[in-house]
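Worksheet: the structure to be examined is printed underneath.
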Amino acid sequence: MNFFDVLDLLGTIAFATSGALTAINKKFDPFGVFIVAFVTALGGGTLRDVLIGRAPVGWMLETYYVYTILATVVITIIFRKQIKFLTKSMFLFDTIGLGIFTIIGTQLGVESHFNPIISIALGTMTAAFGGVIRDILCNQIPVIFRKEIYATAAIIGSITFLILNMFKLDININYAITTSIVIIIRLIAVRFHLSLPTFYTKN
Amino acid sequence: MNFFDVLDLLGTIAFATSGALTAINKKFDPFGVFIVAFVTALGGGTLRDVLIGRAPVGWMLETYYVYTILATVVITIIFRKQIKFLTKSMFLFDTIGLGIFTIIGTQLGVESHFNPIISIALGTMTAAFGGVIRDILCNQIPVIFRKEIYATAAIIGSITFLILNMFKLDININYAITTSIVIIIRLIAVRFHLSLPTFYTKN
Amino acid sequence: MNFFDVLDLLGTIAFATSGALTAINKKFDPFGVFIVAFVTALGGGTLRDVLIGRAPVGWMLETYYVYTILATVVITIIFRKQIKFLTKSMFLFDTIGLGIFTIIGTQLGVESHFNPIISIALGTMTAAFGGVIRDILCNQIPVIFRKEIYATAAIIGSITFLILNMFKLDININYAITTSIVIIIRLIAVRFHLSLPTFYTKN
């Protein structure tokens, strides 16, 4: 298990925790909490695998993901009151997850020889669509369609990864740089309340 | 067509009827009623097939499922007033469906040599996720995330199936026992209003 | 690029525009607008590809779809005020899309040697399910489950295509006739406010 596997696991735990907390707040039972935690963490990668025809999907073969999420859910339920005071650490984990998952998805697109724009789509999907499915299950409009810079950070990181990859930059250095870019953009966006404009106009 | 195919068909009809009634209550038109009945009955198995890479998905090859659901929808629409008084029979059918579909899904996981925890996931998915997709289409929070013991019955039945299978119990006897377990747990849960705890706490 | 590719592109643009406008009205940011436009245009075909096991799904290999939708979204955002006055042209494009996508999906089913009822399902899915996913993402009940004749027009066109195909009618003539049938049914339905009955009854 190398450095990036560790980060991948951290991202999974962070996303699962954020999903579990959302479900607890919606008064879901333990089964519901587990399912929401699961789709938040693995929903984006699962959708990606289905669309590119990678079946069985990843977590069916690498079952340690399932156990990781099970353990995360149990711990989140037990320490739910304390975790609420950990929102800063939670946010940091979620941001790390966003960075890591973006590059994992993009890299998979490159390896599979997809067109660059598809690789960017795969990276963004891996990182951001677990949250979309979580919101659909919780019957609310996906927050990333309206929130501060989130998917946008993923897209920029993904593009940067492709450009550096074109220049044959060492893959590990590329991983480190582009993951950091996603994380930094997201941190700056939240710190300064940056968000994309919307275009709604009354008549 | 053996005994279990008959039960499978009964489960399909029961789930389709429950989906059709939900859609009628939401004032859907006949097309909407059919689609909701269809996903309630076959949505879980379809999701399972997609995730394990079994394509085309089952009902595209065994089209009698489609005709069964079409007939069920027509009959449900015609007798919708009478069926409302049949909620007990309906509930029984739905419970039979839950039991059968759980074991069908789990068995498919075993045959495909998945890790036991994935087989349990496949069983639960086959039985319980049609209802999740139905609720999403009807724009409501999936009821099984908050209701009395439902998915939990499926999980317990699925685990029992795997254990008995490990001891090389005859598959037909195993089917009969574990399907019954799911059904009995569900009946007891509803009779005594048992449900899993939730963890929501105000600050 | 032949005549039908042009119509296919027109349909994609029409669906993408209608999706983008919906998202703008929901106050989504540009990323959200793009995603909703994308799923409205390509969601039906993507679901179809996944269910029949055609992976990677179509738009991952033919990336001009992605660029077309990107351009459509940019133009829609820029001219959003003017486009509101174009509802008639918009409706016409959407109807053309419905006709074209229905026959494309049905034809794919025929080529893949599916049972006729599955080909009809594939045609209807290709044409009408992008709108269903759009509505789910926007947290509203899918409008085609309750609206004037929409999916019904697709089903009738699809059946007609299969019948004419059985009689070995030239495929291009068949395309032209059945696409027109879908379009004409839809136009008549909207002109005369025709809709399917619903069956809801208070007790």
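The first residue you see is number 1, and the count goes up from there.
Quick reminder: no glycine exception, Cβ is built from N, Cα and C everywhere.
Small disclaimer: the values here were computed from a predicted structure and weren't measured.
DSSP states for the domain 'Glycine transporter' (A:6-80), grouped as helix (H, G, I), strand (E, B) and coil, give 63 helix, 0 strand, 12 coil. Per TrEMBL, domain 'Glycine transporter' is recorded for A:6-80 (among others).
As annotated by TrEMBL, domain 'Glycine transporter' applies to A:92-164 (among others).
Taken from TrEMBL, the feature transmembrane segment applies to A:6-24 (among others). Within the same chain, residues 32-42, 65, 68-69, 72-73, 76-77, 80, 83-84, 90, 92-94, 96-101, 104, 130-131, 134, 138, 179 sit at least 6 positions outside the transmembrane segment (A:6-24) and bring their C-beta atoms closer than 8 Å to a C-beta of that stretch.
What TrEMBL records for A:31-51 (among others) is transmembrane segment.
Among residues of the same chain six or more beyond the transmembrane segment (A:63-79), those with a C-beta under 8 A of the stretch's C-beta atoms are 9, 12-13, 16-17, 20-21, 24, 30, 33-34, 37-38, 41-42. The transmembrane segment annotation in TrEMBL covers A:63-79 (among others).
Under the heading transmembrane segment, TrEMBL lists A:91-110 (among others). Listed as Cβ neighbours of the transmembrane segment (A:91-110) (distance under 8 Å, sequence separation of 6 or more from its ends, same chain) are residues 4, 7-8, 10-15, 17-18, 44-45, 48, 52, 118-128, 150, 153-154, 157-158, 161-162, 165, 171, 175, 178-183, 186-187, 190.
The annotation transmembrane segment is assigned in TrEMBL to A:116-137 (among others). Sequence-distant contacts of the transmembrane segment (A:116-137), counting only residues of its own chain at least 6 positions beyond either end whose CB sits under 8 Å from a CB of the stretch, comprise 15, 19, 22, 35-36, 39-45, 47-48, 51-52, 97-99, 101-110, 143-144, 150-151, 154-155, 157-159, 161-162, 182.
Per TrEMBL, transmembrane segment is recorded for A:149-167 (among others).
Under the heading transmembrane segment, TrEMBL lists A:173-194 (among others).
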Beyond the flanks of the transmembrane segment (A:173-194) by at least 6 residues, Cβ under 8 Å: 4, 7, 91, 95-96, 98-100, 102-103, 107, 127, 148-150, 152-154, 156-158, 160-161, 164-165
The correct DSSP tally for the domain 'Glycine transporter' (A:92-164) reads 59 helix, 0 strand, 14 coil
